[in-house]
C-alpha cells in the first residue's frame, strides 16, 4: 500500500486554506446552491465574501516569514515529486453579474509545472480583452481572476499544468446570474436547511489510493482512500460504496467514511475475500472510483501436506429438513490430489460442529437431510487428501430449515378495516383429511455419488402435519420396494446414496398424515446413477505479456469442454526451478489476468487450470518464458524528431506528420509534443497539452491564408527531449485537388548490398476517389534526377527495390494514384546507403524434429536490452514479443493458408531486419510427416476361428522396422504374441464367456505409433463364441465316426425320394441305423458304411417343387398393376412371401395377394410413386426356397393414365356431333383404345378417333342416333400399366324429355387367357418345366372385384398326403 502523502506546511498555512476562509466559503456555496434549486431566495451579496477572500489572500502573500519556510520545504518536496499533480482542484462558482470571480488551484511537480487556462477548451488570451483576466502564480498556487463578470463569462474553465514528466488538468464551472434575478431574491428571501444540498453536487478528488494488496487467511487488511471533498461540509459527508468483483456487499466488518478518508477493514481474512475491490463515490461529474486487487494466500495447514481450505460455500436449496450446499475447490500445486470433502453443520447458538457425511464426497456439492424443522444452521467444508484434513472453509450464511412456500400459502384479510386475520391455504380446502397425490417426481440432481429425488407437494394437503413415503422399482421389475428412511421425509426432496450404478430405477411418492396415505404418484422417468459430465478440458494456449515492472498480463483460450465452468486457477514458476506457486487462490472467471508480486530480474512461465464442481482440469501447456525487467537508472531523454511534413489542410486545420527520433534514450518513446507559431510572429505556443503517441497530429483553429511553422519534441520515461528543427512555413489553404495527397512515414528495412525494402503509410487525403496504387521513385543522392522504380502501380504499401549499386546512397519518394491521376510526392526520404550491416544474417527456417512445428529463427547482430523482435506476415505485424539476440520464436503452419512472406525487424536498432518466403515444398511436407507419424496398417485387427475352437487375432502392417515394439491387450491384460512378415497375431486357446471385451494392439515403430482395436461385445461376441463352440464340438465329433455331409434328399425320375448322407472315419465295426419319428426303419438293403455314404429310398412321395417358377411378369389391369409368377403346379402348401424393398408385404386393400393353380400373383391397386421399387417373391418348397424379382422403379417412367377431360355422363340430341376428348399421360407414350359396350371402336367416317401429340385423345361421333347410346370407355396403357375410364352416352329425339343421367356399370374385365397346358410328363421326368409368361398385349386379364380367386380356400385340404401316414417300410422286429 502506498504511503500517505503529507501536505506541505506552506500549503496548510495559506490564509485561503484557513478556518475563516472555509466557513465563509461554506456559507457562500450553500446560499448559491440554494439559489439555483429553491423557489425561495436569500438576500445575499457575494461582494462581501470576495472582499474577505481577497483580504485573506493578500495577507498570505505579504507574510515574509512564510516565504522563507516555503523555500526550505519546497527543496524537500522537489526531491519527491516529478509529474504535475493538483493537490487542490478548481471549484465551481455561482456569482452575480458585475462581481469578480477568482479561480484557484494548487499544483505540485518538479520541475515546476507551467499552467495554462482555457475557457470551454479555448486558450484564454489576455491581450484580446485587456484588464478582463488576471493570471497569477506563486508557491504552486495558481489563480485566474475575472473582473466585472457578466453572463457571457458563464463557461467551463480548465487549468492545465505540464512539465517534462507529463500533464494534468482540473476543471470548474462558473455561472453568472443577472441582476434581475438578484432583485427577485431580495423580495422572496428564505434560507432553507443545509441538508437540502444533494450529495451529487460534491466534487471529490482522490489524492491517495490503495494498491494491489496481499493478505493471509486469518489476518487483517485495510483498504484506504484519501480524498479532497469540495465543499467539505461536516454534516454532509459523501457516501462510500464498496464493491467486490462488481457486486456490492453489505456484510463486511467495518466501513468508515469521513474526514477526507474512506476505509474498508477486513478483520478476519478468508480466501472468499479475494477479488477486485472498487470504491465508488457520487460526484458532481458522475462518479469517482478506484479499483485494485486483493490476494489472499492460504494459511498454514493443520497437517503438513494438507490442501488449502474450500471456499464460497453457498446454500442452493433449503426446505423443512433438507439443504443443498455447493462450494469451490482449492488450488493445489505441491500438495497431493484431493480425495473428497467432509461437510459439517452447527446449530445456531451452539459451538458444536457435527459431521454430516460418513465418507468423503468427491464433488463440490452435497445434500444434507434430516435437519430439524424451524432450526437455523451454519455449514462449513473441509478438503481431504492423503496427508489429512485441511482447514475448514468460512462458515456459510445462516439458513433456517423451513418450508419456502409457507408465506405463499397464507392470506391476510382485514376485518372492519382494523384487524388482520391470517388464513392458510389448508383452511380453504374444506374437510380434507387424507392428503392428495404428489406430482412431477423427478431426479433434480444426478451424479455417481448421490441422486436427489424431488417432487411437487400435493395441492390438497390437509390440516394435519404432512410427510412423504418413497418407493422404488428396478427397471424390468414390477415389484415396488419402500425406502426405509431414518426419519420421516418432510421436504419434497430426498437424497439417495445407496443406488447401484449398473441399475436403473423408477420412483414414486405417497403423501401421508395421521389420517392415512394418498395414492402413489405417477412413476418417475428412469433414474441412472451417473455423472452428467466430468472435469473441464484443459485451457488452451497461454500468452504472457509484460504489464508493469512487477506484474505480467496473461491471456488464454477457454477449454473446449467447459462443463459448467466455475473459473480458473493460475500458477507461476521461475524458469528452470520446476516449483509452482499459486497466483490466485479463488477461481477467476475471465480469460485475462494480471499476475502481481513478481520478482524483477526473474524469468517466469505460467500455466492455467479450469475448475468446476467435479474438480480441477489438467494443466494447460506452459506459456513462453517472459522476463520481468529490473529497474534501469541509465535512461536518457530521446533525441529530437525530424522531417515534419504537411499531410492535409482543410483551410482551418492541418494534419502533420514527422519521423521518430534516431535515438530513443534507452526506453520507448511514449509521447510527442507539438508547438506552432505564425511565420510572422516569434512566440511559439503549444498545440497539444496531453501527449500524442502517434506520429501524426491534427492542429485546429488556424487562420485561413496564414503561414505556420511547427516543431516537435519526443518524451520517454526519462523526460522530454529537445525540439526538432522548425518546419518549413506551411500555407493554411484548403486542399481540393482530385489527386491524392502525399504518402508519409517512409522507412527502410532489409538493406543488403544490392537491394532494400521500402515501406510507407497511405496518404491522409485520398482525393476525389479511393487510392488504387502507388509509384516509387529513386534518385542517387546529389544527382537531382528521379526515375521510376515500378512501371505499374503496386496495391500494397511496400516494395523491394533491386538491383542497386553497392555502397551508393539513394533517396526515395512515393506517390499515390487514384482514378484521377498521380498525386503529390511524399517528402524525400532520408538518404540510405545500400550496404549490409556487418554481421547481418538471414532468417533460418527449420522444422522441429520433436513437434514438427515450422519455426523461423533470426539472430540479430547488435541489439539493446529494450529491443524487440517484431514478426510480420506480408509486412503486417502478427506478434510482438521481446527476445534475446538468440531468440528463436516458433510459428506453426498447419496448412497452405500460412504460406507467404514472413519478415522480422528489431526495434531500437539501426535497421536490423530480414525476410523469408515460406513455400510448400520441403518444409511443409516435412512438418506434416513429423507431426503425423503413423505406422501404416494393411489390415486392421480381425479374428478367425480355428480348429478345436481356438481364436486367432491378427493384423498386418505395410512396413515395420526391426526395432518395432508392440503390445497385445485384452481387457487391459497384456497377452503373449508373435510376429512374422508384418503380421502380428495372438492365438487364444480357450475362447469362453470371460473372453468378451475389447482387444487392442498398440504398435510403436520409432516415433510412429498406431493402435487398432476390435470390440467383441454383445451379438458380435455371441456369434464368435457360437462359432468357436461349434468348431470345438466338430473337432470332438470328428475324432470318431461322423457325418461328413448331413442328411439330404434327392427326387428321382419316378418320384422316388432318396434320403442320402455321407460318412467319414468309419470302420468295419461301425453300425448305421435309420429312424422315422423315433421309430427305427430297417431297409431292404443293409447300408454299406465303408462306402462312405448311405441312402434310403422312399417310393412315390409327392414333393412340392418350385423350380418351375417363371420370372415375375407385369400385367396392367383396370385397378392398377399385377405381378404374376407362373409355375407348373402351385398350392397353398407352398409358402410364398412377397417383399418390397426388403420389407415383407401383407395382403391389404392396397396390396392384394392371391394365386391360381398355375400362378401366384400380387395386385397393386392405384399405384403411386411410393409403390416404385424392387419386388421379390420367395417360394419355399420342401427342400429349399426360390426367389424371383422384378424392378418396378421404371427409372423415372410412369404408367399410362387419363389425366382429365371426360365426364361421367353425356346426354345429347340426335343429329348432333359428339366429341369425347381427354388428356392422357404416360412415359413411354401410352397406347389408346376406345370401347363401346366392351367392344373396341374402329375409326371410320362415323366414328373418328384421333391421338395428337401423345397427350390429347378424342372420339368424335358424327350425326349421333339412338344406336350410339351406350357405355363408352377408353383404355390408356403402356408397358408399366394402364387405366380404364368410362362414359355413359344417352341420345334422345327432338321433342322428347331429356332422360335422367344413369351411370353405367364398370364393364366386366376380360379374363386372362389361359396358358397352354403343359405337355404330358414322362414317367422318368416328374419335374415340371417352366411355363412361359403370357404375351404383353393381352388386355385386362385381371378379374373384377367380384371374381373369386381360384386359389383354394384356407380350409380346403391340401392334396399333399398328410404327415401322419406311416412309412410303407415295415418296422424292424426285434
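Positions of Cβ are set from backbone N, Cα and C atoms, glycine also.
Per TrEMBL, compositional bias 'Low complexity' is recorded for 1311-1326. Summarising the annotation, TrEMBL assigns compositional bias 'Polar residues' to 1337-1349. Look at TrEMBL and you will find 84-175, 192-278, 1214-1290 tagged as domain 'Ig-like'. TrEMBL lists 309-404, 437-532, 538-631, 637-740, 742-839 with the feature domain 'Fibronectin type-III'. Annotated region 'Disordered' per TrEMBL: 1297-1374, in sequence order.
The recorded stretches the domain 'Fibronectin type-III' (538-631) and the domain 'Fibronectin type-III' (637-740) do not share 3+ CB pairs below 8 A when only pairs 6 or more apart in sequence are counted, and are therefore not in contact. Contact between the domain 'Ig-like' (84-175) and the domain 'Fibronectin type-III' (309-404) is not supported: fewer than 3 Cβ pairs lie under 8 Å, counting only residues 6 or more apart in sequence. Sorting each residue of the domain 'Fibronectin type-III' (637-740) by its DSSP state yields 0 helix, 46 strand, 58 coil. Mean model confidence of the domain 'Ig-like' (192-278) amounts to 80 (pLDDT, 0 to 100 scale). For the domain 'Fibronectin type-III' (742-839), DSSP puts the residue distribution at 0 helix, 46 strand, 52 coil.
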